[in-house]
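J.: This is the structure I want to talk about, given as structure tokens.
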Amino acid sequence: MTKSVKSSSNACVTTFDEFVEKVDYSLMDTLHADPNATEDGDDHRARQVFSGHFVPVTPTPLAEPEYISHSSTLFNELGLSDELALDSDFSRLFSGDISAACGPMKPFGWATGYALSIYGTEYIQQCPFGTGNGYGDGRAISVFETVMNGQRWEMQLKGGGPTPYCRGGDGRAVLRSSVREFLVQEHMHALDIPTSRSLTLYVSKSETARRPWYSPDSRSADPDILVDNPVAISTRVAPSFLRVGQLELFARRTRSNADPLALEELRMIVMHLIEREYQNEIDQEDDFADQLVELAGLFRQRLTALVANWLRVGYCQGNFNSDNCAAGGFTLDYGPFGFCEIFDMEFQPWTGGGKHFSFFHQPSAAEANFHMFWTAVRPLLAEGSDALIQFDEVRRGFAEEMQNQTQQMWASKLGLAEFDAQLFKQLLQLMDRSEVDYTIFFRELSHIPDEISSLKKSFYVATSETLDEQWQSWLNEWYDLVSASGDVSEISIKMKQVNPKYTWREWLVVPAYEQATEGDYSLVKELQEVLNRPYDEQSKEIEDKYYRLKPKEYFRAGGVSHYSCSS
Ligand SMILES: Nc1ncnc2c1ncn2[C@@H]1O[C@H](COP(=O)(O)OP(=O)(O)OP(=O)(O)O)[C@@H](O)[C@H]1O
Ligand SMILES: [Mg+2]
């Protein structure tokens, strides 16, 4: 078994024909298409979609596409050769021209509908028809499914042009947001955090889209100008793009008797979820009700671990609605996300996001999404059944599991065998008062110093003598605990595996997308290199450039310290 996986991972797909041969449809063959869909996928205007799991739709090719970059790491994992990224037909396909492929490929891709809940409250007014039937992938179009190296993958163009769910939007993503999403997905993977992945990034040399943005040196919360930015298509890859909101769509239709097929379509999409995301853990021969109990337990485990990981690296998703919550338990939709530099429990880079999605509130936001998942799947279980009792039990246990996951994570960040509530509480107060840089502080601590001078390079403010004394006394207590729990140099190595040296710093990413707008992609590529090895020391030159406190001029800077959702 291991042998066959290994040998297939060495098999390199080098030509476009070989790549196309690998297409292996699952979703379009097992789920329901919208019965009102056109046959040719020419379906680009906002309209209501009343039933079915997906709408066949063709992407809209970028005008004059230019290759920017691809992820060698992912190509390698998929068994694709790097040259393929430069192949003209491959580039055509992943810059939106599906006519580049023929033979086993269908002449259209597909978009899916989903519902939206914000922090556990159902919304429908985001849909222009006021019914929820016009909400879904407005600019994301999947074009390819395959099994590569024993794993099923779906490839989805983001910014691939309008779909019936576009709500009047242009279906495009601008270069700025595409560079961010392209880079951060692979960075998250390198940080060992489950995520959708990045395949390729192409930009148009002649097509632009107008978006609200910030003038240079703007300090305003909201964008103050309109900017024409080149449009781009990034392709993301995951076993599926199923969201909690997608399950909710069919559950809502079931509840309101809007569609006689809704309950069956709910059952189908949940089976599809199990098949795509939980195949290795759930036996699909088992009784379906038992599968649902297992599904709930596994999703709870993945979601809580995911959010604990977000806290570990300083990541704030910003907009953790149910439609941005992957039912496979990985990070999806990098819109108004950010990484905490100066430590702030309520860090939230998105001006429209509110505190409920801020840094330390993410466990509660996750619970609200889990609640919507539980509510959506529940109609598939018989009232009064044992399975339903167990299913409800999983829901009730969310907060406890979330707490266990976060406590374990803090213990590992601090190099301790067990979480110490008192020590942790004192640390949070000190970090807050000294305004520490989250990444630099924990990385310096990973060297296990016994006095505070090296930690001070992570402080944004000068500390008083009293504060220094408090730090030293905290450090002494911590040091004693660490040294009592094992070999200090081994603990240091382990701490460096959970406390990255290099994380996302927005002010260092801005120049990369700005230069890319001018046709210079060298910084995008440099960032790919640096962010793909976040736990490594890397060179002195890289350290000087990237392991640094955020300069004063970027505090409160529009588009750097905060941004609106527009992308
Ligand atoms: N320019 C656009 N044209 C059409 N639809 C859009 C556009 N921008 C956003 N949307 C749609 O609006 C909804 C909310 O946007 P949001 O920013 O959460 O998602 P996104 O970043 O586009 O997508 P995803 O969640 O697929 O990563 C999504 O369903 C998205 O498809
Ligand atoms: Mg989204």
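From the backbone N, Cα and C atoms, a Cβ is placed for every residue, glycine too.
When I checked TrEMBL for this same protein, it listed these features:
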ACT_SITE  Asp323  active site, proton acceptor
BINDING   Gly136, Gly138, Arg139, Lys158, Asp170, Gly171, Arg236, Arg243, Asp333  ATP binding site
BINDING   Asn324, Asp333  Mg(2+) binding site
J.: What is the interatomic distance between the Cα atoms of Arg139 (ATP binding site) and Asn324 (Mg(2+) binding site), given in whole Å?
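T.: Counting only the Cα atoms, the answer is 14 Å.
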J.: Want to know which binding-site residues, from Gly136, Asp170, Arg236, Asp333, are within 10 Å of Asp323 (active site, proton acceptor) at Cα; which are they?
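T.: Passing the 10 Å Cα cut: Gly136, Asp333.
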J.: Output: those binding-site residues from Arg236, Asn324, Asp333 whose CB lies less than 6 Å from an atom of ligand 2, in sequence order; none if no residue fits.
T.: Asn324, Asp333
J.: Within 10 Å of the Cβ of Asp170 (ATP binding site), how many other Cβ atoms can you find? Include all protein chains, please.
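T.: Other Cβ atoms found within 10 Å: 18.
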J.: By a simple count, how many Cβ atoms lie within 10 Å of the Cβ of Asp333 (ATP binding site), its own Cβ left out?
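T.: Summing over all protein chains shown, Asp333 (ATP binding site) has 23 other Cβ atoms within 10 Å.
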J.: Compute all pairwise C-alpha distances among Gly136, Gly138, Arg139, Lys158, Asp170, Gly171, Arg236, Arg243, Asp333, the residues listed as binding ATP, and give the largest one in whole angstrom.
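T.: Of all Cα pairs among the recorded ATP binders, the widest measures 23 Å.
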J.: Counting only residues 6+ away in sequence within the same chain, which have a CB under 8 Å from the CB of Arg236 (ATP binding site)?
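T.: Correct list: Met155, Gln156, Lys158, Glu181, Gln185, Ser196, Arg197, Ser198, Leu199.
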J.: Long-range same-chain neighbours of Asn324 (Mg(2+) binding site), Cβ under 8 Å, sequence gap at least 6?
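T.: Long-range Cβ contacts: Arg243, Gln317, Leu332, Asp333, Gly335.
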J.: Let's check the environment of the residue listed as 'active site, proton acceptor': how many other CB atoms sit within 10 Å of its CB?
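T.: Around the Cβ of the residue listed as 'active site, proton acceptor', 26 other Cβ atoms lie within 10 Å.
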